[in-house]
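Q: Below is one structure. I have some questions about it.
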(Lines of atoms letter the chains of each structure in order from A; the text may use other names.)
(Lines give C-alpha, C1' and ligand atoms only; values in the text may rest on other atoms or scores of the structure.)
Protein backbone atom coordinates (compact mmCIF):
# COMPACT_ATOMS: atom_id res chain seq x y z
CA UNK A 1 0.00 0.00 0.00
CA UNK A 2 1.45 3.39 -1.02
CA UNK A 3 1.98 5.84 1.82
CA UNK A 4 1.15 8.87 -0.36
CA UNK A 5 -0.85 8.97 -3.55
CA UNK A 6 0.38 10.99 -6.50
CA UNK A 7 -2.21 13.78 -5.99
CA UNK A 8 -1.21 14.01 -2.31
CA UNK A 9 2.47 14.37 -3.19
CA UNK A 10 1.61 17.05 -5.74
CA UNK A 11 -0.44 18.96 -3.13
CA UNK A 12 2.30 18.74 -0.51
CA UNK A 13 4.93 19.89 -3.03
CA UNK A 14 2.75 22.79 -4.14
CA UNK A 15 2.18 23.92 -0.54
CA UNK A 16 5.89 23.61 0.22
CA UNK A 17 6.82 25.74 -2.79
CA UNK A 18 4.09 28.26 -1.90
CA UNK A 19 5.28 28.78 1.66
CA UNK A 20 8.96 28.92 0.67
CA UNK A 21 8.12 31.52 -2.01
CA UNK A 22 6.06 33.50 0.48
CA UNK A 23 8.90 33.42 3.02
CA UNK A 24 11.45 34.59 0.44
CA UNK A 25 9.11 37.30 -0.82
CA UNK A 26 8.43 38.56 2.71
CA UNK A 27 12.15 38.69 3.43
CA UNK A 28 12.71 40.60 0.23
CA UNK A 29 9.92 43.06 1.03
CA UNK A 30 11.31 43.64 4.52
CA UNK A 31 14.57 44.80 2.93
CA UNK A 32 12.70 47.38 0.89
CA UNK A 33 13.27 51.03 1.72
CA UNK A 34 11.43 53.37 -0.61
CA UNK A 35 11.73 57.16 -0.52
CA UNK A 36 8.25 58.62 -1.02
CA UNK A 37 9.03 62.31 -0.59
CA UNK A 38 11.54 64.78 0.87
CA UNK A 39 11.40 68.45 1.78
CA UNK A 40 14.17 70.98 2.44
CA UNK A 41 13.89 74.13 4.51
CA UNK A 42 14.15 77.56 2.92
CA UNK A 43 14.18 80.60 5.20
CA UNK A 44 12.51 83.92 4.68
CA UNK A 45 14.30 86.68 2.76
CA UNK A 46 14.94 88.76 5.88
CA UNK A 47 17.13 85.94 7.20
CA UNK A 48 19.55 86.02 4.29
CA UNK A 49 23.19 86.65 5.15
CA UNK A 50 24.39 89.00 2.45
CA UNK A 51 27.72 90.83 2.49
CA UNK A 52 26.52 93.81 4.51
CA UNK A 53 24.76 91.68 7.12
CA UNK A 54 27.81 89.46 7.58
CA UNK A 55 30.02 92.52 7.97
CA UNK A 56 27.79 93.90 10.73
CA UNK A 57 27.89 90.59 12.62
CA UNK A 58 31.68 90.43 12.38
CA UNK A 59 32.10 94.03 13.52
CA UNK A 60 30.06 93.34 16.66
CA UNK A 61 32.74 90.93 17.86
CA UNK A 62 35.01 93.18 19.94
CA UNK A 63 37.53 90.35 20.39
CA UNK A 64 38.72 90.58 16.78
CA UNK A 65 41.75 92.50 15.60
CA UNK A 66 43.07 93.38 12.13
CA UNK A 67 44.62 89.96 11.48
CA UNK A 68 41.38 88.20 12.43
CA UNK A 69 39.48 90.48 10.00
CA UNK A 70 41.93 89.58 7.25
CA UNK A 71 41.57 85.88 8.04
CA UNK A 72 37.78 86.10 7.88
CA UNK A 73 37.94 87.95 4.56
CA UNK A 74 40.21 85.29 3.03
CA UNK A 75 37.97 82.55 4.37
CA UNK A 76 34.74 84.06 3.07
CA UNK A 77 36.24 84.81 -0.35
CA UNK A 78 37.44 81.21 -0.75
CA UNK A 79 34.49 79.52 1.01
CA UNK A 80 32.30 79.04 -2.05
CA UNK A 81 29.30 80.46 -0.16
CA UNK A 82 27.02 83.07 -1.76
CA UNK A 83 24.88 85.90 -0.40
CA UNK A 84 21.55 84.06 -0.09
CA UNK A 85 22.22 81.62 2.73
CA UNK A 86 20.10 81.85 5.90
CA UNK A 87 21.24 82.78 9.40
CA UNK A 88 19.72 82.18 12.86
CA UNK A 89 17.32 84.85 14.11
CA UNK A 90 19.17 85.59 17.36
CA UNK A 91 22.39 86.27 15.40
CA UNK A 92 20.60 88.56 12.96
CA UNK A 93 19.06 90.39 15.92
CA UNK A 94 22.48 90.94 17.50
CA UNK A 95 22.05 88.45 20.36
CA UNK A 96 24.67 85.88 19.35
CA UNK A 97 26.61 86.40 22.60
CA UNK A 98 23.58 85.69 24.81
CA UNK A 99 21.34 83.04 23.20
CA UNK A 100 18.41 81.59 25.14
CA UNK A 101 16.76 78.18 25.30
CA UNK A 102 13.81 79.72 23.50
CA UNK A 103 16.12 80.70 20.62
CA UNK A 104 17.17 77.08 20.18
CA UNK A 105 13.62 75.73 20.36
CA UNK A 106 12.32 78.41 17.98
CA UNK A 107 15.01 77.64 15.43
CA UNK A 108 14.28 73.90 15.58
CA UNK A 109 10.49 74.39 15.47
CA UNK A 110 10.70 76.59 12.41
CA UNK A 111 12.83 74.13 10.43
CA UNK A 112 11.24 70.87 11.56
CA UNK A 113 7.62 71.96 11.37
CA UNK A 114 8.05 73.87 8.11
CA UNK A 115 9.45 70.82 6.31
CA UNK A 116 7.04 68.36 7.93
CA UNK A 117 3.99 70.54 7.22
CA UNK A 118 4.95 70.69 3.56
CA UNK A 119 5.73 66.97 3.45
CA UNK A 120 2.34 65.96 4.88
CA UNK A 121 0.57 68.44 2.60
CA UNK A 122 2.22 67.08 -0.55
CA UNK A 123 1.61 63.44 0.44
CA UNK A 124 -1.99 64.03 1.51
CA UNK A 125 -4.10 61.05 0.49
CA UNK A 126 -1.01 58.85 0.54
CA UNK A 127 -0.03 59.04 4.20
CA UNK A 128 -1.17 60.95 7.28
CA UNK A 129 0.62 61.62 10.60
CA UNK A 130 -1.33 58.76 12.22
CA UNK A 131 0.27 56.31 9.74
CA UNK A 132 3.84 57.00 10.90
CA UNK A 133 5.43 53.99 12.62
CA UNK A 134 9.03 55.21 13.03
CA UNK A 135 10.45 58.67 13.74
CA UNK A 136 14.15 59.59 13.73
CA UNK A 137 15.27 63.15 14.49
CA UNK A 138 18.96 64.07 14.34
CA UNK A 139 20.30 67.34 15.73
CA UNK A 140 23.92 67.24 16.91
CA UNK A 141 24.21 70.23 19.23
CA UNK A 142 20.81 70.42 20.91
CA UNK A 143 19.34 67.62 23.03
CA UNK A 144 16.58 69.10 25.25
CA UNK A 145 14.18 67.29 27.53
CA UNK A 146 11.55 66.38 26.46
CA UNK A 147 13.34 65.30 23.30
CA UNK A 148 12.85 66.82 19.85
CA UNK A 149 11.15 63.58 18.77
CA UNK A 150 8.63 64.13 21.57
CA UNK A 151 8.11 67.66 20.28
CA UNK A 152 7.28 66.30 16.82
CA UNK A 153 5.02 63.59 18.27
CA UNK A 154 3.12 66.19 20.29
CA UNK A 155 2.76 68.60 17.35
CA UNK A 156 1.35 66.01 14.93
CA UNK A 157 -0.34 63.76 17.51
CA UNK A 158 1.52 60.66 16.35
CA UNK A 159 0.54 57.20 17.56
CA UNK A 160 1.28 55.88 21.04
CA UNK A 161 3.15 52.84 19.71
CA UNK A 162 5.53 54.86 17.49
CA UNK A 163 9.21 53.90 17.60
CA UNK A 164 11.11 57.17 18.10
CA UNK A 165 14.85 57.84 18.07
CA UNK A 166 16.53 61.14 19.00
CA UNK A 167 20.14 61.32 17.74
CA UNK A 168 22.72 63.90 18.82
CA UNK A 169 26.45 64.49 18.43
CA UNK A 170 26.71 62.75 15.04
CA UNK A 171 27.50 65.82 12.95
CA UNK A 172 26.95 66.26 9.23
CA UNK A 173 26.60 62.53 8.47
CA UNK A 174 23.66 61.96 10.82
CA UNK A 175 21.05 61.86 8.04
CA UNK A 176 22.57 58.76 6.40
CA UNK A 177 22.92 57.16 9.85
CA UNK A 178 19.20 57.80 10.37
CA UNK A 179 18.39 56.19 7.00
CA UNK A 180 20.46 53.16 8.00
CA UNK A 181 18.59 52.88 11.31
CA UNK A 182 15.23 53.01 9.53
CA UNK A 183 16.32 50.36 7.03
CA UNK A 184 17.32 48.00 9.84
CA UNK A 185 14.01 48.51 11.65
CA UNK A 186 12.15 47.86 8.39
CA UNK A 187 13.62 44.35 8.41
CA UNK A 188 11.50 43.51 11.45
CA UNK A 189 8.36 45.54 10.67
CA UNK A 190 6.30 45.02 7.54
CA UNK A 191 4.35 47.75 5.72
CA UNK A 192 5.72 50.58 7.85
CA UNK A 193 6.20 54.32 7.35
CA UNK A 194 9.16 56.28 8.71
CA UNK A 195 10.10 59.94 9.03
CA UNK A 196 13.70 61.16 9.15
CA UNK A 197 14.20 64.79 10.23
CA UNK A 198 17.72 66.20 9.84
CA UNK A 199 18.81 69.66 10.95
CA UNK A 200 21.11 71.61 13.26
CA UNK A 201 20.76 74.47 15.73
CA UNK A 202 23.16 77.27 14.78
CA UNK A 203 22.03 80.27 16.84
CA UNK A 204 23.03 79.10 20.33
CA UNK A 205 26.43 77.93 19.07
CA UNK A 206 27.65 81.00 17.22
CA UNK A 207 31.32 81.50 18.12
CA UNK A 208 32.17 84.89 19.64
CA UNK A 209 35.90 84.43 20.21
CA UNK A 210 39.01 84.91 18.06
CA UNK A 211 40.47 81.41 17.62
CA UNK A 212 40.80 81.04 13.86
CA UNK A 213 40.15 77.29 13.84
CA UNK A 214 36.85 77.96 15.62
CA UNK A 215 35.90 81.00 13.53
CA UNK A 216 35.61 78.73 10.48
CA UNK A 217 32.27 77.31 11.62
CA UNK A 218 30.68 80.79 11.52
CA UNK A 219 31.81 81.16 7.91
CA UNK A 220 30.52 77.77 6.72
CA UNK A 221 27.45 76.69 8.69
CA UNK A 222 24.00 78.05 7.91
CA UNK A 223 20.39 77.41 8.97
CA UNK A 224 18.68 74.59 7.10
CA UNK A 225 17.30 71.08 7.35
CA UNK A 226 15.16 68.39 5.75
CA UNK A 227 12.41 65.85 6.32
CA UNK A 228 12.19 62.54 4.45
CA UNK A 229 9.30 60.04 4.21
CA UNK A 230 10.24 56.37 3.81
CA UNK A 231 8.33 53.09 3.60
CA UNK A 232 8.97 49.39 3.05
CA UNK A 233 5.43 48.66 1.83
CA UNK A 234 5.74 47.09 -1.67
CA UNK A 235 2.38 48.54 -2.73
CA UNK A 236 3.95 52.02 -2.79
CA UNK A 237 6.79 51.09 -5.14
CA UNK A 238 5.07 52.78 -8.10
CA UNK A 239 4.56 55.96 -6.05
CA UNK A 240 8.11 56.09 -4.70
CA UNK A 241 10.87 58.40 -5.95
CA UNK A 242 13.77 56.08 -5.15
CA UNK A 243 14.73 52.81 -3.54
CA UNK A 244 17.64 52.36 -1.15
CA UNK A 245 20.21 49.94 -2.59
CA UNK A 246 22.70 49.84 0.27
CA UNK A 247 24.06 51.86 3.20
CA UNK A 248 27.56 51.61 4.69
CA UNK A 249 29.06 53.27 7.75
CA UNK A 250 32.75 53.70 8.66
CA UNK A 251 34.19 55.19 11.87
CA UNK A 252 37.85 56.15 12.48
CA UNK A 253 37.29 57.67 15.94
CA UNK A 254 39.80 55.27 17.48
CA UNK A 255 42.51 57.58 16.07
CA UNK A 256 43.07 60.55 18.39
CA UNK A 257 43.64 63.09 15.59
CA UNK A 258 40.54 61.94 13.74
CA UNK A 259 38.45 62.08 16.91
CA UNK A 260 39.52 65.64 17.74
CA UNK A 261 39.62 67.19 14.24
CA UNK A 262 35.99 68.29 14.45
CA UNK A 263 34.98 68.86 18.05
CA UNK A 264 32.81 71.10 20.24
CA UNK A 265 34.83 72.90 22.93
CA UNK A 266 35.68 76.21 24.60
CA UNK A 267 38.62 78.36 23.56
CA UNK A 268 41.25 79.61 26.02
CA UNK A 269 39.04 82.59 26.89
CA UNK A 270 36.01 80.43 27.65
CA UNK A 271 34.06 81.10 24.43
CA UNK A 272 32.21 77.93 23.34
CA UNK A 273 32.35 76.92 19.71
CA UNK A 274 33.26 74.23 17.21
CA UNK A 275 36.92 73.49 16.44
CA UNK A 276 37.89 72.43 12.89
CA UNK A 277 41.54 71.36 12.61
CA UNK A 278 43.84 70.89 9.61
CA UNK A 279 43.63 67.10 10.10
CA UNK A 280 39.95 67.11 9.09
CA UNK A 281 40.65 66.51 5.39
CA UNK A 282 42.99 63.64 6.16
CA UNK A 283 40.46 62.05 8.52
CA UNK A 284 37.73 62.48 5.90
CA UNK A 285 39.89 60.82 3.24
CA UNK A 286 40.70 57.86 5.47
CA UNK A 287 37.09 57.35 6.58
CA UNK A 288 35.80 57.66 3.00
CA UNK A 289 38.37 55.14 1.76
CA UNK A 290 37.35 52.58 4.40
CA UNK A 291 33.69 53.13 3.54
CA UNK A 292 34.10 52.73 -0.21
CA UNK A 293 36.08 49.51 0.21
CA UNK A 294 32.87 47.97 1.51
CA UNK A 295 30.30 49.90 -0.53
CA UNK A 296 31.69 49.81 -4.08
CA UNK A 297 31.80 45.99 -4.42
CA UNK A 298 28.06 46.03 -3.68
CA UNK A 299 27.15 48.37 -6.53
CA UNK A 300 29.78 47.98 -9.26
CA UNK A 301 29.40 45.17 -11.82
CA UNK A 302 31.47 42.02 -11.41
CA UNK A 303 33.36 42.56 -14.65
CA UNK A 304 34.62 45.95 -13.41
CA UNK A 305 35.80 44.43 -10.12
CA UNK A 306 37.61 41.65 -12.01
CA UNK A 307 39.21 44.20 -14.35
CA UNK A 308 40.37 46.25 -11.38
CA UNK A 309 41.82 43.19 -9.63
CA UNK A 310 43.75 42.15 -12.77
CA UNK A 311 45.11 45.66 -13.39
CA UNK A 312 46.10 46.02 -9.74
CA UNK A 313 47.87 42.66 -9.74
CA UNK A 314 49.67 43.50 -13.00
CA UNK A 315 50.85 46.85 -11.61
CA UNK A 316 52.08 45.12 -8.46
CA UNK A 317 54.28 42.90 -10.61
CA UNK A 318 55.56 45.52 -13.05
CA UNK A 319 56.04 48.53 -10.72
CA UNK A 320 59.72 48.89 -9.93
CA UNK A 321 61.21 50.28 -6.75
CA UNK A 322 61.03 54.07 -6.60
CA UNK A 323 58.39 54.25 -9.32
CA UNK A 324 55.14 55.91 -8.23
CA UNK A 325 51.79 54.24 -8.82
CA UNK A 326 48.93 55.95 -10.67
CA UNK A 327 46.73 58.26 -8.60
CA UNK A 328 43.02 57.75 -7.95
CA UNK A 329 41.16 54.64 -6.93
CA UNK A 330 41.49 53.00 -10.35
CA UNK A 331 37.84 51.92 -10.60
CA UNK A 332 35.35 53.03 -13.22
CA UNK A 333 32.68 54.32 -10.84
CA UNK A 334 30.37 55.14 -13.74
CA UNK A 335 30.03 51.44 -14.53
CA UNK A 336 27.64 51.18 -11.59
CA UNK A 337 26.86 54.76 -10.53
CA UNK A 338 25.42 57.75 -12.36
CA UNK A 339 25.39 60.65 -9.88
CA UNK A 340 27.43 61.72 -6.85
CA UNK A 341 25.64 63.51 -4.04
CA UNK A 342 28.55 64.94 -2.01
CA UNK A 343 27.99 66.59 1.37
CA UNK A 344 28.37 70.37 0.83
CA UNK A 345 30.67 70.77 3.82
CA UNK A 346 33.00 73.27 2.18
CA UNK A 347 34.77 73.91 -1.09
CA UNK A 348 37.90 72.01 -0.02
CA UNK A 349 35.90 68.92 0.93
CA UNK A 350 33.87 68.94 -2.30
CA UNK A 351 36.89 69.43 -4.53
CA UNK A 352 38.95 66.93 -2.54
CA UNK A 353 36.34 64.18 -2.90
CA UNK A 354 35.87 65.01 -6.56
CA UNK A 355 39.58 64.81 -7.28
CA UNK A 356 40.14 61.58 -5.36
CA UNK A 357 37.27 59.85 -7.17
CA UNK A 358 38.14 61.23 -10.59
CA UNK A 359 34.89 63.18 -10.94
CA UNK A 360 34.30 65.99 -13.43
CA UNK A 361 33.14 69.53 -12.72
CA UNK A 362 29.69 68.44 -13.92
CA UNK A 363 29.63 65.70 -11.26
CA UNK A 364 30.50 67.97 -8.33
CA UNK A 365 28.40 70.89 -9.57
CA UNK A 366 25.31 69.97 -7.46
CA UNK A 367 27.35 70.03 -4.22
CA UNK A 368 29.10 73.27 -5.15
CA UNK A 369 25.82 74.97 -6.00
CA UNK A 370 24.11 73.75 -2.81
CA UNK A 371 27.03 75.17 -0.81
CA UNK A 372 26.79 78.49 -2.67
CA UNK A 373 23.02 78.87 -2.33
CA UNK A 374 22.37 77.38 1.13
CA UNK A 375 25.78 76.97 2.81
CA UNK A 376 26.74 73.99 4.96
CA UNK A 377 23.42 73.03 6.58
CA UNK A 378 25.01 70.09 8.43
CA UNK A 379 23.07 66.81 8.27
CA UNK A 380 20.39 68.31 6.03
CA UNK A 381 22.91 69.35 3.36
CA UNK A 382 22.74 66.19 1.23
CA UNK A 383 19.08 66.78 0.44
CA UNK A 384 19.76 70.24 -1.02
CA UNK A 385 22.29 68.59 -3.32
CA UNK A 386 19.76 65.93 -4.31
CA UNK A 387 17.18 68.68 -4.85
CA UNK A 388 19.53 70.45 -7.27
CA UNK A 389 19.95 67.26 -9.30
CA UNK A 390 16.19 66.81 -9.49
CA UNK A 391 15.49 70.47 -10.32
CA UNK A 392 18.02 70.28 -13.17
CA UNK A 393 16.18 67.17 -14.47
CA UNK A 394 19.30 65.02 -14.19
CA UNK A 395 17.63 62.10 -12.40
CA UNK A 396 16.20 59.49 -14.78
CA UNK A 397 14.55 56.16 -14.09
CA UNK A 398 17.16 53.50 -13.34
CA UNK A 399 19.93 55.94 -12.36
CA UNK A 400 21.94 55.22 -9.23
CA UNK A 401 23.04 57.97 -6.83
CA UNK A 402 25.93 57.68 -4.37
CA UNK A 403 25.21 59.84 -1.31
CA UNK A 404 28.43 60.67 0.57
CA UNK A 405 28.46 62.25 4.01
CA UNK A 406 31.14 62.90 6.61
CA UNK A 407 30.78 64.01 10.21
CA UNK A 408 32.31 64.43 13.64
CA UNK A 409 33.66 61.28 15.20
CA UNK A 410 35.19 60.99 12.61
CA UNK A 411 32.74 59.16 10.35
CA UNK A 412 31.97 58.52 6.70
CA UNK A 413 28.43 57.30 6.11
CA UNK A 414 27.33 56.65 2.54
CA UNK A 415 24.37 55.12 0.76
CA UNK A 416 23.19 54.38 -2.78
CA UNK A 417 19.72 55.12 -4.13
CA UNK A 418 18.11 53.82 -7.33
CA UNK A 419 15.80 56.28 -9.10
CA UNK A 420 12.40 54.70 -9.81
CA UNK A 421 10.99 57.37 -12.14
CA UNK A 422 12.09 60.45 -14.06
CA UNK A 423 12.23 63.32 -11.55
CA UNK A 424 11.82 67.02 -12.32
CA UNK A 425 10.37 68.76 -9.22
CA UNK A 426 12.11 72.11 -8.65
CA UNK A 427 11.47 71.78 -4.90
CA UNK A 428 13.41 74.19 -2.68
CA UNK A 429 15.35 75.41 -5.73
CA UNK A 430 12.25 76.76 -7.49
CA UNK A 431 13.17 80.45 -7.22
CA UNK A 432 16.85 80.06 -8.07
CA UNK A 433 17.53 76.94 -10.19
CA UNK A 434 17.42 78.88 -13.47
CA UNK A 435 20.19 81.18 -12.21
CA UNK A 436 22.58 78.33 -11.47
CA UNK A 437 25.38 77.51 -12.05
CA UNK A 438 25.95 80.98 -13.60
CA UNK A 439 25.28 82.83 -10.31
CA UNK A 440 28.10 81.00 -8.56
CA UNK A 441 30.60 82.33 -11.12
CA UNK A 442 30.06 85.96 -10.08
CA UNK A 443 33.16 87.26 -8.19
CA UNK A 444 32.76 87.10 -4.43
CA UNK A 445 31.42 90.51 -3.24
CA UNK A 446 33.42 90.34 0.01
CA UNK A 447 36.66 90.84 -1.88
CA UNK A 448 35.32 93.82 -3.82
CA UNK A 449 33.87 95.61 -0.78
CA UNK A 450 36.45 94.78 1.89
CA UNK A 451 39.75 94.23 0.10
CA UNK A 452 40.96 97.48 1.65
CA UNK A 453 41.53 95.52 4.86
CA UNK A 454 44.53 93.89 3.16
CA UNK A 455 46.19 97.24 2.50
CA UNK A 456 49.58 97.38 4.26
CA UNK A 457 48.79 100.81 5.72
CA UNK A 458 46.01 99.19 7.76
CA UNK A 459 48.64 97.31 9.79
CA UNK A 460 49.12 100.49 11.85
CA UNK A 461 45.44 100.80 12.66
CA UNK A 462 43.13 98.69 14.79
CA UNK A 463 39.87 98.28 12.88
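Backbone N, Cα and C atoms are what each Cβ position is placed from, and that goes for glycine too.
So TrEMBL has the following annotated:
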ACT_SITE  172  active site
ACT_SITE  251  active site
ACT_SITE  339  active site
ACT_SITE  343  active site
ACT_SITE  372  active site
ACT_SITE  376  active site
DOMAIN    28-311  domain 'FAE'
DOMAIN    337-418  domain 'Beta-ketoacyl-[acyl-carrier-protein] synthase III C-terminal'
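Where in this structure would I find these features, and how exposed are they?
A: In the structure as shown, the Cβ atom of residue 251 (active site) sits within 10 Å of 16 other Cβ atoms.
Residue density at residue 339 (active site): 20 other Cβ atoms are found within 10 A of its Cβ, drawing on all protein chains shown.
Around residue 343 (active site), the same-chain residues at least 6 positions away in sequence with a Cβ under 8 Å from its Cβ are 172, 173, 349, 367, 381, 382, 385, 404, 405, 406.
Cβ environment of residue 372 (active site): 80, 81, 82, 436, 439, 440 lie under 8 Å away, each six or more residues apart in the same chain.
Residue 376 (active site) is surrounded by 25 other CB atoms, counting those within 10 A of its CB over all protein chains shown.
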Q: Taking the domain 'FAE' (28-311) alone, what is its mean pLDDT?
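A: Averaged over the domain 'FAE' (28-311), the predicted model reaches a pLDDT of 94.
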